[in-house]
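To keep things clear, I will list the structure first and then write my remarks on it.
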Amino acid sequence: MASEIHMSEPMCLIENTEAQLVINQEALRILSAITQPVVVVAIVGLYRTGKSYLMNKLAGKRTGFSLGSTVQSHTKGIWMWCVPHPKKAGQTLVLLDTEGLEDVEKGDNQNDCWIFALAVLLSSTFIYNSIGTINQQAMDQLHYVTELTDLIKSKSSPDQSGVDDSANFVGFFPTFVWTLRDFSLELEVNGKPVTSDEYLEHSLTLKKGADKKTKSFNEPRLCIRKFFPKRKCFIFDRPAQRKQLSKLETLREEELCGEFVEQVAEFTSYILSYSSVKTLCGGIIVNGPRLKSLVQTYVGAISNGSLPCMESAVLTLAQIENSAAVQKAITHYEEQMNQKIQMPTETLQELLDLHRPIESEAIEVFLKNSFKDVDQKFQTELGNLLVAKRDAFIKKNMDVSSARCSDLLEDIFGPLEEEVKLGTFSKPGGYYLFLQMRQELEKKYNQAPGKGLQAEAMLKNYFDSKADVVETLLQTDQSLTEAAKEVEEERTKAEAAEAANRELEKKQKEFELMMQQKEKSYQEHVKKLTEKMKDEQKQLLAEQENIIAAKLREQEKFLKEGFENESKKLIREIDTLKQNKSSGKCTIL
C-alpha cells in the first residue's frame, strides 16, 4: 500500500441507507491508491454474533470495527479496513465487515441478500459467522446461499451448452469459512471425535427423498457444496462470563477463556496464512483500483435493478484498464523518444533504429497492464497510435532539419544575394564569377554538420528558387556567345534533373524502408501477442483443471453417498468444462 495511505480505523465502503446501497467516494479514493495485490476477507452473519471482534483480531487491533454492547446492531452496510498484510509483504489486507443479517430494527431485509451477495463477489475469503452448532436452524438462517442463483450471474448471456449459469460460480467464488461461536458441544459424529472441518462436512450431508421437507433440508447444503469447493470450519468457546461480554474489546487476554484465546489465534493464523489474493478469471490479480471498479460495477447493477454479473464486471474492468494501458504505452514511447532522439537525424534509418526498440518496450508496457483484450481491439488501437506517433516524430525530424537548413542557407548564401543586388555580377564575366562563388558556398554548406536528412532537398529548393536570378545573369553576360549560353542552359538543366533524380531515389528508398519497418513492427506485435496468449491460455487451463478437480471430488462424494442425480448433474458440468478446456474457452468469459 502506498506509504501515505494508512487507515487507522475502518471506513464505510457501501452504506445501506433507506433501502439504498450507496458507495462512499472517500473509500473509493483510498482503494484507488492501493497498487498492491489485495487479500479481501469478508464476514457476514446474523446481527449481534460477534463478527466485528474477529475482524479486529485479523487487523491486529483491539478496537476498530464497532462491536456494540447492546442488542442494537452497529455496522450498517459494508465497512472496509485496509491494512498492510501482517504476514505477506507486498500485499494489502482488505477487511470487509457487514451489517448483521435479519436485524429486527431494519424491518425491510431486502438488502440483506445484496449485502451477502456483494460479500461473496468481492472477497477471496468469505466468513459466515453464527452462534452454536450447525443444525437445521443454522442452515435455514443461511438461506441467502440458496438465493445466490437469483442474485448473481456469471455470464451476461445464457450458456449454449444448456448448463445452468450457477455451475460457473465455483470458478470465482471465494474460500468458505464457517465460524461457530459459543460452541459448547463436543466435536463428535456418531460418538467418534472429529475435527471442526469434518464436523462441517458431516453437517453438509444430504438426505434422501423427494418431498418438500427433504428438498428444503438439502438445498442450502447442496449450494454450499457446489458453489464453495474450498471449505473450512472454526469453533469458538464462549469468550468470557456473560456479564463481561459487553466489554469484550477492553478485556485483557488473561481475562478471557484460555481455549477461546487459542481458538482465535488458530483462526487468525489460518486466515492470514492461507487467504489468497483476490483474482479474476485468467489469473487477473486484483489490486485497489480493480477492487474499486468491481464495487462500482456490482453496486451500479443492483441500483439499476439488474443482477451483478461477473462477466460484465471483468469486461468493464478490462475496458478501463486496457484504455489506460494504451495511454501508458504511448506515454512511455513519447518519453523515451524525446529523451533519446537528437534531432535532426542524418538519415531516416537512424530514427527508425531508435524507434524500433522503444516501440517494442511500449508494446511490453501495454501487454503488462492489459487483459481480456477481446478481438485485440486495444492492441490495434495501440498499433495505430504508435504509427501516428512515429510519423509525427519523422515529420518533426524533417521540420527541424528543414528549419536548420533554411537558417544555414540564409547565413551562407545571404552575402551572395546581397552581391547580386549590388550588381557585382552584372558585368562581362560576371556569370562565371557568380557560379564560382556559389560553388564555394555550396561546398561550405555541404560541410556544415547537423543539417539532417533534408539537407539536399533544401539546397535543391533554394537553387530552384534562385533559377530566375541565375538565368538573368547568364543572359545579360555580354562576354558569352549565344552558343555558350545554350551550353550553359543545358548544363543547368542536367544538374537540376540529376538532383531531382537523386531526391526521387532517396524518397523511394525511404518508402521501402518504411515498408520494411511496417512489416517488422507487425511481426513484433504478432510475436508478443502470441506469447501473451500462450501465457493466458496456460493460466486458463490451470484454472479449469482446478475447477474440474474440485467438481470431480464433489461428484465422487455424491456418488459415494448414493445421490446419483446430483452426481450426474456434476458429470454434465464437468463434460462441458472439458469441452471448454479443449476449445480454450474461459468458464466465465
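Count begins at 1; order follows the chain as displayed.
Cβ coordinates are placed from backbone N, Cα and C, and glycine is handled just like the others.
Listed in Swiss-Prot:
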- GLY45, LEU46, TYR47, ARG48, THR49, GLY50, LYS51, SER52, ARG181, ASP182, LEU245: GTP binding site (BINDING)
- 35-276: domain 'GB1/RHD3-type G' (DOMAIN)
- CYS586: S-geranylgeranyl cysteine (LIPID)
- CYS586: cysteine methyl ester (MOD_RES)
- 1-309: region 'GTPase domain (Globular)' (REGION)
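Cβ neighbour count within 10 Å across all protein chains ranks LYS51 highest among the binding-site residues LYS51, ARG181.
Classification of GLY45 (GTP binding site) by DSSP places it within a strand. Secondary structure at LYS51 (GTP binding site), taken from DSSP and collapsed to helix, strand or coil, is helix. In this view, TYR47 (GTP binding site) is surrounded by 20 other Cβ atoms within 10 Å of its Cβ, with every protein chain counted. Confidence annotation: the domain 'GB1/RHD3-type G' (35-276) carries a mean pLDDT of 83 in the model.
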